[in-house]
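Heads up, the thing below is written out as structure tokens.
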Amino acid sequence: MSWPRRLLLRYLFPALLLHGLGEGSALLHPDSRSHPRSLEKSAWRAFKESQCHHMLKHLHNGARITVQMPPTIEGHWVSTGCEVRSGPEFITRSYRFYHNNTFKAYQFYYGSNRCTNPTYTLIIRGKIRLRQASWIIRGGTEADYQLHNVQVICHTEAVAEKLGQQVNRTCPGFLADGGPWVQDVAYDLWREENGCECTKAVNFAMHELQLIRVEKQYLHHNLDHLVEELFLGDIHTDATQRMFYRPSSYQPPLQNAKNHDHACIACRIIYRSDEHHPPILPPKADLTIGLHGEWVSQRCEVRPEVLFLTRHFIFHDNNNTWEGHYYHYSDPVCKHPTFSIYARGRYSRGVLSSRVMGGTEFVFKVNHMKVTPMDAATASLLNVFNGNECGAEGSWQVGIQQDVTHTNGCVALGIKLPHTEYEIFKMEQDARGRYLLFNGQRPSDGSSPDRPEKRATSYQMPLVQCASSSPRAEDLAEDSGSSLYGRAPGRHTWSLLLAALACLVPLLHWNIRR
């Protein structure tokens, strides 16, 4: 027996017994008492699950989140790193909102995934007016905006020549003199007073200003360290649809330059930048993707179709299998659960992406799934369906898990098994040295990336590593029905042993590994 496990058996069990174990605890099961190996596995599993479970139960590192309604957006807001938009486009943002409701926004574009080589910058000026709280996205505020001027300035001669030609092709006659564009000169793409407009040449839209959310938190419970985050609406994954899309979730947040995380080096660099001095972020090597260990959400995540959730992935690199639970909620701070999904399957070896710099491509297969309704509304929805289209007809109860593999998924949730998805991942380290795992952004049209050509070119919010290795899948099988939410009605459970294995599903058109 390894020394970490001996330590667990020596010190963890007395602590657990002092904490208090109920009759339903696996550690007090007669079979566990009579089999030391089973006891040891339970202890090791409890130790690692407690870390991941604790992180899911205490999102934002346990910080208390305050949401401003209506939001106060006046100030200077900046990206926290190099962002990836569908295309792919590599971008950093610097937005200023003024007391008279006008704004000036910089969008800095780059030729690589580390945002070290600026190619061009968009300078956007306009006016914004906050409206009512969103009827669609709880916790968000709707807004209207009006553009006054959009300019572009190129940072190399090659980019200036290419972009000028692109504008000429997209909007023939737009450039009056027809001469080539040059570096470090600002050119109009939109001017309100004369009606000139050719923003589609760069797939530009500012509809992100139509959905706004501001969050405040005190890092590490330190009242002297306030961090403010501005969430703006998401960008359509199809660049040709950006002008017609109304946001239904959020982009990665901007931080207030006045109240930002002091560990954010990129924040300080972007804050000092302008169109003539675009931010150049510190170069970093791409981390090799090794899908192993356990990963959990850092915050309550928002998805299109009014979904709030947390995720927990488990990867077994010894046999290329994966597991997960997606925990769904009805509120934007993930306090009121609606249902959870447990899924498992296999994944391919990773191949470096030729399309998205820094990305690694995988193929995921899902062949097993369980569903747990966590409120009466979801249970009723599942019971509406006739026949064996989603588990046993009319048998759904709140807090009781059912296997839907034998019914080839669940029609009510839009799940069909078996299922294959074409994924992309990348890995980074944050300022605290923690590993972050990004997987592909879901298509904005609600479809699934079930063909290679539909593979994402941008990413979702990252997961953080909560355990560097994972127990074998067969060791966890007995606990696959455990719930993050706490006690199911009529059951006595012990919180440290609740499996936080979570994978995500939209209620109307659920997509595997969302």
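In case you wondered, yes, glycine gets a Cβ from its N, Cα and C as well.
For 1-26, the entry in Swiss-Prot reads signal peptide, with the evidence type sequence analysis. Positions annotated as topological domain 'Extracellular' by Swiss-Prot, on the basis of sequence analysis: 27-492. Under the heading N-linked glycosylation site, Swiss-Prot lists Asn100, Asn168, Asn319, citing sequence analysis as support. The annotation region 'Disordered' is assigned in Swiss-Prot to 438-460. The annotation transmembrane segment is assigned in Swiss-Prot to 493-512 on the grounds of sequence analysis.
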- Task: Let me know how many other Cβ atoms fall within 10 Å of the Cβ of Asn319 (N-linked glycosylation site).
- Result: 8
- Message: Let me check the 10 A CB neighbour count of Asn168 (N-linked glycosylation site). How many other CB atoms are there?
- Response: 17
- Between Asn319 (N-linked glycosylation site) and Asn100 (N-linked glycosylation site), what C-alpha distance do you get in Å? 59
- Query: Just the number: how many Å between the Cα atoms of Asn100 (N-linked glycosylation site) and Asn168 (N-linked glycosylation site)?
  - Reply: 36
- Query: Where else in the chain does the region 'Disordered' (438-460) make close Cβ contacts, counting only residues six or more beyond its ends and a cut-off under 8 Å?
  - Reply: 84-88, 234, 236-238, 241, 245, 301, 303-305, 355-356, 361, 419-428, 506, 509, 511-514
- Message: Test of understanding: give the count of other CB atoms lying within 10 angstroms of the CB of Asn100 (N-linked glycosylation site).
- Response: 8
